[in-house]
Amino acid sequence: MLLSDRDLAAEIKAGTLALEPFDPALVQPSSIDVRLDKLFRVFNNHLYTHIDPSRQQDDLTSAVEVPDGEPFVLHPGEFVLASTLEVISLGDQLAGRLEGKSSLGRLGLLTHSTAGFIDPGFSGHVTLELSNVANLPIMLWPGMKIGQLCIFRLCSPAEHPYGSAVYGSRYQGQRGPTPSRSWQSWRTWPTR
């Protein structure tokens, strides 16, 4: 069940949903707007001939911190990692979905490629996968609204929420945009 504004307020008051920093003015009818942090990870395309998710490629991205009062310029066709300003923490009976903002989508900004789902028990900054599909550069200002967080209540609490020892939870407590750690639990399954 998708939570409404009054449900979101109740979960925040109960401590089962937390955003830090939190601004009540960002609560919408069925979501909470989240803002862009000033940390980005850009791809070092000149260092690799390809990306292999089964291998550790530490130099694939480099951290960039945007100076106060300056934008990050995302050029057409570029893909970068960024993160929410807010640390988002979900209880074991809540799951989240990060969606883009319609106004930014209409300018050609994609907020996430595939990873918009947030598991119950997660706590940390949410990594954004930003792409510019427009024909002009897009100025990304730290502190601007970048997405909206939708919260869903599970039918029952997760038996093993994110952050528990069962799953490893590679991104629990992440600060800023975190590069892929797919290689840490890489495996393939038979195709026949």
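Any Cβ shown, glycine's included, is placed from N, Cα and C.
Per Swiss-Prot, the features are:
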{"type": "BINDING", "residues": "K101, S102, S103, L104, G105, R106, D119, T127, L128, E129, Q148, Y162, Q174", "note": "dCTP binding site"}
{"type": "SITE", "residues": "G116, F117", "note": "site 'Important for bifunctional activity'"}
{"type": "ACT_SITE", "residues": "E129", "note": "active site, proton donor/acceptor"}
{"type": "REGION", "residues": "169-192", "note": "region 'Disordered'"}
{"type": "COMPBIAS", "residues": "171-192", "note": "compositional bias 'Polar residues'"}
Notebook entry, point to check: Of all the binding-site residues given, namely K101, S103, Q148, which is spatially nearest to G116 (site 'Important for bifunctional activity') at the Cα level?
Noted result: Q148
Check: Quick one: what's DSSP say for D119 (dCTP binding site), helix, strand or coil?
Finding: coil
Notebook entry, point to check: From the Cα of L128 (dCTP binding site) across to the Cα of F117 (site 'Important for bifunctional activity'), what is the distance in angstrom?
Noted result: 11
Margin query: Within a 10 Å radius around the Cβ, which one of these recorded positions has the most neighbouring Cβ atoms: G105, G116?
Written below: G116
Margin query: On the three-state reduction of DSSP, what should I expect for L128 (dCTP binding site)?
Written below: strand
Notebook entry, point to check: Reported as an integer number of Å, what is the Cα distance between G105 (dCTP binding site) and E129 (active site, proton donor/acceptor)?
Noted result: 13
Check: According to DSSP, which kind of secondary structure is Q148 (dCTP binding site) found in, if we only use helix, strand and coil?
Finding: strand
Note to self: Counting Cβ atoms within 10 Å of each candidate's own Cβ, which of the recorded positions D119, E129 comes out highest?
What the structure shows: D119
Notebook entry, point to check: What Cα-Cα separation, expressed in whole Å, is found between the residue listed as 'active site, proton donor/acceptor' and Q148 (dCTP binding site)?
Noted result: 14
Next item on the list: Rank the binding-site residues S103, Q148 by the number of other Cβ atoms within 10 Å of each Cβ and report the first-ranked residue.
Entry: Q148
Notebook entry, point to check: Tell me which residues of the chain lie with their Cβ under 8 angstroms from that of L128 (dCTP binding site), as long as they are six or more apart in sequence?
Noted result: L36, L81, A82, S83, T84, L98, T111, H112, I146, G147, P177
